[in-house]
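Notes follow the structure.
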């Protein structure tokens, strides 16, 4: 008989209350910051917009969460909900594409990697979209491209501005040329926005790479980024292996890109609503933001 069993028989109550208290603690109550490794109380993190209160690191968040933080509460219309991805090429790598889609849809409760909502910002109507990075790395396939174009079309029809929060690894390789075509398709749609004189603000969050960074994400009238976001085309390890040189400190971080003129401004998540409203107010002729808003 082990010592632990012997103690449990003599003092059974010593162990049971501890187990009971442990079982009463809900899962996910604490979260570890990936930057400072501090442990943060989940409700506190929620109140702080998923920004670490210890080091100000902007944690990755879902598309729905991001749009909820950005748009006014109230009536919202989702665009492109009837669109679902199709495995036209019967693509298979280590896993069938259709199986990857099923797994991603189950994990995220989304049909694909872009959510588009028509809503309001401080009472002014606009269209906003956000990439869901947890859906196959936020990769852009046919559905993502079509939803984005439909968002643009709504803006053109109703004379509204467009805001896009990008978080993507790039074009979806499982759709091959169908995916690459979305780069041209979304870029052409944004040219129509430009010709119509309607503003498009691109917000680059962590991370934005590949075909998304090489198309719609960098085509904003104003390109905004969250602090410390990774932004580029190829990843830093790939670049280092190609050029056989050590990259500068902070290479591809939003602060580095701002310093070298690749983006226009860095905005904290806490200030995103007010900052983007003021930008759009100047472009759209909206009324100035009231002090109590």
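Glycine is no exception: its Cβ is also placed from the backbone N, Cα and C atoms.
According to Swiss-Prot, the features are:
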BINDING   33, 36, 52, 55  Zn(2+) binding site
DOMAIN    29-293  domain 'CoA carboxyltransferase N-terminal'
ZN_FING   33-55  zinc finger
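A sphere of 10 angstroms centred on the C-beta of residue 33 (Zn(2+) binding site) encloses 18 other C-beta atoms. Note on residue 36 (Zn(2+) binding site): other Cβ atoms within 10 Å of its Cβ, all shown chains, come to 13.
The Zn(2+) site, placed at the center of the C-beta atoms of 33, 36, 52, 55, has further neighbours from the same chain whose C-beta lies within 8 angstroms: 34, 35, 37, 38, 40, 53, 54, 56, 57.
Counting every protein chain shown, the Cβ of residue 52 (Zn(2+) binding site) has 21 other Cβ atoms within 10 Å. Mean pLDDT for the zinc finger (33-55) in this predicted model: 96. In the three-state DSSP scheme, residue 52 (Zn(2+) binding site) is classed as coil. All protein chains considered, the CB of residue 55 (Zn(2+) binding site) has 13 other CB atoms within 10 Å. In the three-state DSSP scheme, residue 33 (Zn(2+) binding site) falls into the coil class.
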